[in-house]
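From TrEMBL, for reference:
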- 45-64: transmembrane segment (TRANSMEM)
- 76-97: transmembrane segment (TRANSMEM)
- 148-273: domain 'Palmitoyltransferase DHHC' (DOMAIN)
- 193-216: transmembrane segment (TRANSMEM)
- 236-262: transmembrane segment (TRANSMEM)
- 353-443: region 'Disordered' (REGION)
- 354-372: compositional bias 'Basic and acidic residues' (COMPBIAS)
- 382-392: compositional bias 'Basic and acidic residues' (COMPBIAS)
Amino acid sequence: MYVVPPPQRSDSGSNGDLRVYQTWKGSNIFFLQGRFVFGPDVRSLALTICLIAVPVTIFCIFVARKLIDDFSDSWGVSIVAVAVVFTIYDLILLLLTSGRDPGIIPRNAHPPEPEALDGNMDAGAGQTPQLRLPRIKEVELNGVTFKVKYCDTCMLYRPPRCSHCSICNNCVERFDHHCPWVGQCIGMRNYRFFFMFVFSTTLLCIYVFAFCWVYIRKITDSEHTTTWKAMLKTPASIVLIIYTFISMWFVGGLTVFHLYLISTNQTTYENFRYRYDRRSNPHNKGVVNNFKETFCSSIPPSKNDFRAMVQREPPLPPRSVAGGFMSPNMGKANDDIEMGRKAVWADMGPTMSDHGDGKHGNNERLHVKDGELGELSPDIRTTVDEQSDRPGMHPRRSSWGRKSGSWDMSPEVMALAARVGEQNQNGGGSSSGSGLVTENRPT
């Protein structure tokens, strides 16, 4: 089996004028020339911003502004100021969570070199066993053995706690989950900001919920009425109370759940996938050290420079693959045909030309050299000998028993192609293109 590299074309254009984010193979969406990287569902980020900003705006206009008159000047203004500053802080955390690299591992341009033989492959006589990448490898980290999987998309072995996000189409370090509300994966580099965003949103809901009840209480005391009548005089407070109460169950429950995950040093993916207990979790370092690792450790730099210029990759050198070889010259014939140039067999001299002495050119190729026959399988060698020694062959017929001006293949060639294809499927023989005889075809 031969592995052929893709043809290098001279007119395909240079990637030197493109940046990494312009040729990125993941599903990410970039803004400001690669300065911000979002997930493919970045539109949900606008919805999340509205769900935060709109209720706070209603609170400042219809509730906090009215409380300024009921409190002293400094206290009344501080109610509005705290709500505005807290909201801005919450939105900044949201942007830090969704607009940065969560820990994407750059995918390889080529698969790694095979390290072991495939034991399931029964090699025939004279055949080299096929090299194959193992699906799972064992690595040792801090005295603990982890099993890492091979990612076919990124063509790499995922580090421990890494997983491939099917939405963003990237391998992410310490993958926690993909959050549709922020439109981004949650991983090693943005988990801290994600938790702070969820926690601050919970506090903001509590803040708005509490001061709405304070405003209703002020109306009750000032007008000496019932709570129900006071609520009817401020419908905005009723709406905000219901909204924040429902939101607190959602973001508050999420905050409590992630506090549990941080205390046990788990990710959401690991919690649902492996169900660690106290003894089997190899990442648990104790509650204090787990919190230090999440909030006090330095965030590693991104492994991707999305604004860097794309570097042109050098051509692959020839290497042995599965008993065959990789040649930089293979595949040139198809490339030349697509580029509109002469085919490879047209450069072999006047003997291969269709003009003038076509008899001489085709008849000379009937006699295949012994060295070429040695590279062919027994079936191909027998067919070539039968075609070459057939009596009464027309001089205009090529070495495969087919007229050079016709595209119809002889029955022998069809049978041979079927036999070779069956051998390739069963892995019982090696295919070689070096001894095949080429011929002129009409243009």
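A Cβ is built for glycine as well, from the same backbone N, Cα and C atoms used for every other residue.
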Would you mind listing the long-range same-chain contacts of the transmembrane segment (76-97), meaning Cβ under 8 Å and 6+ residues beyond its ends?
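Counting only partners 6 or more residues beyond its ends, the transmembrane segment (76-97) has Cβ contacts under 8 Å with 45, 48-49, 52-53, 56, 59-60, 64-65, 67-70, 179, 182, 184, 186, 190, 193-194, 196-197, 200-201, 203-204, 207-208, 211.
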Helix, strand, coil: count each for the residues of the domain 'Palmitoyltransferase DHHC' (148-273), based on DSSP.
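Reading the DSSP string over the domain 'Palmitoyltransferase DHHC' (148-273) gives 75 helix, 18 strand, 33 coil.
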Averaged over the whole of the domain 'Palmitoyltransferase DHHC' (148-273), what is the pLDDT?
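Across the residues of the domain 'Palmitoyltransferase DHHC' (148-273) the model's pLDDT averages 93 on the 0 to 100 scale.
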